[in-house]
Amino acid sequence: MITLEDIKEAQRTLKNVVHRTALAYSSVLSEVTGGEIYLKMENLQKTGSFKIRGAYNKIAHLSEEERKRGVVAASAGNHAQGVALAAQIFGIPATIVMPRYAPLSKITKTRNLGAQVILEGNIFDEAYEAALRIQEKTGAVFVHPFNDPHVIAGQGTIGLEIMEDLPDVEVVVVPVGGGGLISGVSVAIKSMNPEVKVIGVQTENMPSMIASLRRGRAERVEGKPTLADGIAVKKPGDLTFELVKKYVDEMVAVNEEEIADAILFLLEQAKVVAEGAGAVGVAAVLNKLDVKGKKVAIVISGGNIDVNMIDRIINKGLVKSGRKVFIETFVMDRPGALKELLGIVAELGANVLSVFHNRSAKEVPIGFAKIELELETVDEKHVEEIERVLIAKGYEVRIVG
């Protein structure tokens, strides 16, 4: 088992290597939840996530002979970059097996850190099996993403920093995939103050740790794709499972919409960029946990989110909150008809983002044109006002988003 001394040793090992990330007070989250909320900003860590802590601590404990053989790992992103950077610092070869679906940006970043990247399999499990075959063939040391004592101790330094920076913290909320992060953090927290409540958060689409705890042993779940791909682990480790069972007080799961809303909330309200896995703790305090009157630290585990994904989340969030709307209607196919429609929209204070004019669709009567408007609006009441006024003026209106 991992001890507090193991984590303190890891902290000494990591000194001057990793960033001691800020534990930042969030006034907006505190106001919304009624708690006193602090964010542990591992999204600002080297490589954009906490993974460098465990990877570096693991490699630091290898013998010279083991380092000469190099290291191998399997990852879809964050662990890959953590291992690649740690290997680069030590000047040893690293081979990273990534699934073919891994984002191109993460593949490129891993290669730029000097690692040899091999794309193998369509899912993480297939990449993992390929990495084990490489280990067996080459003799390289396998750096497990979570089920390893030195990796867990490295991640546990986050717990030490939280306790040092906020000694009277009452609740610590941590994302959970394979369990390496929360295992280390919970050992550190509970060893220093057993009264602090440690809560883990998974996604409803991949609740492997929650399912395992219910069944009493580490078990595999098939799950579904999730925005929180960084914690999409089908089976927790045997070691991490035992540590979570011993030290973690509660586990909750959040759904995809709650994760997307949390990403947008952090971006817009707190000015924090978080990936899906990094945002699940915030999703939990916004939707699942009562933290009113409590002093709470939430680990923002990473910020490696694809720009295209941010764009989709923002647009969906704008539609959901009534700040963007898509309207379909019909106008007479004559000069000035479109201008008249747009004039009404302008008078109502909506900004036209795009217009699509269609005479040819089979549902369009002869002599008419179908108009699709993308509008920037204030809120849902504004959308309702636009719909009401257009209907009153004789337009057939359909809100499509």
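Note: Cβ is positioned from N, Cα and C throughout, glycine not excepted.
Because the structure is a prediction, the values reported are computed rather than measured.
Marked as N6-(pyridoxal phosphate)lysine by Swiss-Prot: Lys51. DSSP assigns Lys51 (N6-(pyridoxal phosphate)lysine) to a helix in the three-state reduction.
The pyridoxal 5'-phosphate binding site annotation in Swiss-Prot covers Asn78, Gly178, Gly179, Gly180, Leu181, Ser301. Proximity of Gly180 (pyridoxal 5'-phosphate binding site) to non-local residues of its own chain (separation of 6 or more, Cβ distance below 8 Å) is seen for Gly54, Pro145, Phe146, Asn147, Asp148, Val151, Ile152, Gln155, Gly237, Thr240, given in sequence order.
Swiss-Prot lists 326-401 with the feature domain 'ACT', giving sequence analysis as the kind of evidence.
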**OP:** Taking only the Cα atoms, work out how far Lys51 (N6-(pyridoxal phosphate)lysine) lies from Asn78 (pyridoxal 5'-phosphate binding site), in Å, as a whole number.
**Re:** 6
Original post:
Taking every residue in the domain 'ACT' (326-401), what is their average pLDDT?
Top reply: 94
Original post:
Given the pyridoxal 5'-phosphate site residues Asn78, Gly178, Gly179, Gly180, Leu181, Ser301, which other residues of that chain have a Cβ within 8 Å of the mean position of their Cβ atoms, reported in sequence order?
Top reply: Phe50, Lys51, Pro145, Phe146, Gln155, Pro175, Val176, Gly177, Ile182, Gly230, Ile231
**OP:** Just jot down the residues in the same chain as Leu181 (pyridoxal 5'-phosphate binding site), at least 6 apart in sequence, with C-beta under 8 A of its C-beta; none if empty.
**Re:** Phe50, Phe146, Gln155, Ile158, Val174, Pro175, Val299, Ser301
